[in-house]
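Note sheet for the following structure.
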Amino acid sequence: MTGQGQPAAGSAAWSTVFRHVRYENLVAGVSGGVLSNLALHPLDLVKIRFAVSDGLEVRPKYKGILHCLTTIWKVEGLRGLYQGVTPNVWGAGLSWGLYFFFYNAIKSYKTEGRAEQLEPLEYLVSAAEAGAMTLCITNPLWVTKTRLMLQYGGVVNPSQRQYKGMFDALVKIYKYEGVRGLYKGFVPGLFGTSHGALQFMAYELLKLEYNKHINRLPEAQLSTPEYISVAALSKIFAVAATYPYQVVRARLQDQHVSYGGVMDVIVKTWRKEGIGGFYKGIAPNLIRVTPACCITFVVYENVSHFLCGLREKKVS
């Protein structure tokens, strides 16, 4: 009897969650993710190249962010600065759209029937759940993006440049490495959901505390400068706490080196490069992700409020 009741209860819970989904969150998240990534993709390219720079001769040597950007521009041109942009835009748009979509549905489900706001831990868990669900769908796009970004222009061995584009990379990775190849970096990626969870928790709490401080309703809409400030602070906090996993994931997904797994990457990076190896690329990453986060959240908040306003007008 108990065994029959559990699936029924589980499906009832899921149907309750899906009752809270709103397409507005999906559309607004996609809009923010796409716009921010189109604007700042070259800095993401720099971050990836620094993250995997471990002394191999096959890789170009970069002295800093500007040197990296100018070298890529001279050798590969504008196209070089936008290597991997297609899967990045697809991945970022889909990731942000699904993240906001799942997160708001889970959050609405948890707040249904209660007057008080969620506790910090509840925000953290809700965002982690949304992140894990999103990663299950989008990980192949992130593997593809990394592979395309690591096709260096001017490389002597032409075999190092084996992908013609996003779909070619997806097909070849699946053909030669199977599903496992498309999900390389998935485990550190799951740990990476802690980044999004910490960011969303900080973002929600900062919004609530700020509105409380200036005597506004907890869910009151902020101005654009206020959204920018809150988003920037939450992003810097999350990056400082979780950056090393991004280096581990990038190295696992790199086609030039073969690692035995997450622990193999961690041990080898620590032995060869020390603690600094886990923070390679953090400067260009912070320069990129902070404004990217601000663009994403400002676009998301404004588009979602606009679309939700249209929904309310239709209902009334």
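Cβ atoms here come from the backbone N, Cα and C positions, even for glycine.
As recorded in Swiss-Prot:
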- 20-109: repeat 'Solcar 1' (REPEAT)
- 118-209: repeat 'Solcar 2' (REPEAT)
- 222-306: repeat 'Solcar 3' (REPEAT)
- 26-46: transmembrane segment (TRANSMEM)
- 89-106: transmembrane segment (TRANSMEM)
- 123-143: transmembrane segment (TRANSMEM)
- 185-203: transmembrane segment (TRANSMEM)
- 227-243: transmembrane segment (TRANSMEM)
- 281-300: transmembrane segment (TRANSMEM)
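Counting residues of the repeat 'Solcar 2' (118-209) by DSSP class, helix then strand then coil, yields 74 helix, 0 strand, 18 coil. Between the transmembrane segment (281-300) and the transmembrane segment (123-143), fewer than three CB pairs separated by 6 or more residues in sequence fall under 8 Å, so the two stretches do not touch. For the repeat 'Solcar 3' (222-306), the model gives a mean pLDDT of 88. Listed by sequence, the residues of this chain that lie at least six past the ends of the transmembrane segment (185-203) yet keep a Cβ under 8 A from its Cβ atoms are 99, 103, 120, 123-128, 130-132, 135, 139, 142-143, 146, 230-231, 233-235, 237-239, 241-242, 245-246, 248-250, 252-253, 262, 293, 297. Applying DSSP to the repeat 'Solcar 1' (20-109) sorts its residues as follows: 71 helix, 0 strand, 19 coil.
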